[in-house]
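J.: Dropping a structure here in structure tokens format, bear with me for questions.
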Amino acid sequence: MIGSLRMYGVFTRKSFQRAAAYRFDAWTRILGNVIMLCMWGFIWYALYQGRGSVESVTFHSMLSYILVSQALQGIHGAGTPLWEIQERVRTGDIAIEMLRPYDYPLRMLFTDFGSIFFYFLTAVLPLYTIIFLILSPVLPTTFLQWGLFILSATLGYFIRYCIELTFGLFTFWLVETGGVEDIFYFSISLFSGSVVPLWFFPDWLEQVARYLPFQGIYYVPNSIFVGQLSGHALLMALFTQIGWLVLCFAILRYVWAKASMKIVIQGG
Amino acid sequence: MLQNWLRGMKMYFYMIGVSIRTQLQYRYAFVMNILGWAMTYAGTAITMWVLLYSFGAIEGWSFWELLFLFALSVLSWGVCVVFFFHFRMLDQFIVQGTFDRFLVRPIHPFFHFMAMKFDVGAFGQFLFSIIAVAMAYNQLDLHWNVWQWFVFLGAVIGGTLIQGGLLIVISAMAFWTTRSERLYWVIMWPAKSLMNYPLSIYPRVVQVLVTFVLPFAFVNYLPALLLLGKTRGIYSPYWGFFSSLVGAVFFWLCFQLWMLGLNRYKSAGS
């Protein structure tokens, strides 16, 4: 157990060093992230002009929501993207991974940790600390709220990871994945509440979103951060996240088990 | 001179013919590629609709006006994708040393690289944008005069040249930094997304930047002011007429930059 943990730790360390070697790429990525942050900031500012609060949410809270959402999106984006997983399946590189004495989904997770640590420490953390200090948006007021936010954001990370890898593994059956990835990207951008929180949705669409796993990725941690979710509702949301994580993880393991049986390698 | 041009054109059409046939080989991928792009843009439009559901309007723009603004940029982006989208991948050719083949053939390297692909996936952009423009035209009860149709056409031509020019600049970066694809996704794609919303929501410095430096404003915002009959704001209402002109000048400048990079190019091959 300790031994295998140490082995996976090596992947994390190597991937951290790799990210440090290619730091130019990491830092151009943060530029794109900041452009998107500015865009959503100004959009919400314009929407709120001449209004105090909408659906009992003020602009001040909304600004905080957008900030924490973009920071989390930056962290999520530092992991292995969907197209890279698909490419690895399509080119057959994944076959080599299967020969090696480790569990592929777990190895991917630990590799992602490395690049995320680097990106978080050198780009997201310093930049967003400055932005938070300048704009002074709504912050969690208690240590408990901070703790719950971090817990919820971590759960959200694992949910996204399971879903994204599962979608990536569909390549085993489809080979051509145009369409599948578009469904994934659409769901993850709208239903996760990454840019528009669920409370602004039309009622029927909000109901749909609440029955999907994507809300656990950004919407729940963001809402905890800005204080829109508290007390009983907060506990319910956390349990829903855990439930979805268990389910998504089970699906991932099932799909992975099936995929290992069904390997088709192209080319000769 | 003329003969050279005619020969070049003939070659161009021959090469894009080959490119189209290769893409048609994989039927399923071909259809899914088109539908995928159309769905991606429809997804953005749905996000806009959800955004305006509780708020009604953004800076006086209703959902249908916003959709028109968005679709106008997607339409010219579609034309641009057909001809120039593969320019973002120039870095791969440079890193792998395969760019050399574009230099040793009896056709202009820029032209040759451009003719390499004729991206039929862009029909997804056309599918979305034409339907969206038609729906917005109906919903907003617009009745354009002849000159407004010319503005519309000019916006599509100008938008193609402006966005194509930017793709060429991004690809030219590969001559200096050996990176272009990533620059496209992390810088040009987010910057382009800014233009999906009315320019007036951004601070003055951004407005000046996208009007005079990287003329994104001429792609959709300025023509849309004319086409939707919006006169309020700091922009003179007839700026939208100049989209094509701005596009042509900007494209020429970008092309010069690309040629400058090309002259600096050293092969990475062994």
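Note that Cβ sites are derived from N, Cα and C of the backbone, with glycine treated the same way.
TrEMBL: automatically predicted annotations, no manual curation.
Sharing the features that TrEMBL gives for it:
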TRANSMEM  B:30-55  transmembrane segment
TRANSMEM  B:61-85  transmembrane segment
TRANSMEM  B:118-137  transmembrane segment
TRANSMEM  B:149-176  transmembrane segment
TRANSMEM  B:197-218  transmembrane segment
TRANSMEM  B:238-260  transmembrane segment
J.: Can we call the transmembrane segment (B:118-137) and the transmembrane segment (B:238-260) in contact, meaning three or more C-beta pairs below 8 angstroms at a sequence separation of 6+?
T.: no
J.: Residues sitting near the transmembrane segment (B:61-85): Cβ under 8 Å, six or more positions beyond its termini, same chain?
T.: 41, 44-45, 48-49, 52, 114, 117-126, 128-130, 132-133, 135-137, 139-140, 152, 155-160, 162-164, 167-168, 192, 195-198, 219-221, 223-224, 227-228, 230
J.: Against which stretches of its own chain does the transmembrane segment (B:30-55) lie, if we need a Cβ under 8 Å and a gap of at least six residues from its ends?
T.: 23-24, 62-63, 66-67, 70-71, 74, 120-125, 127-129, 132, 196
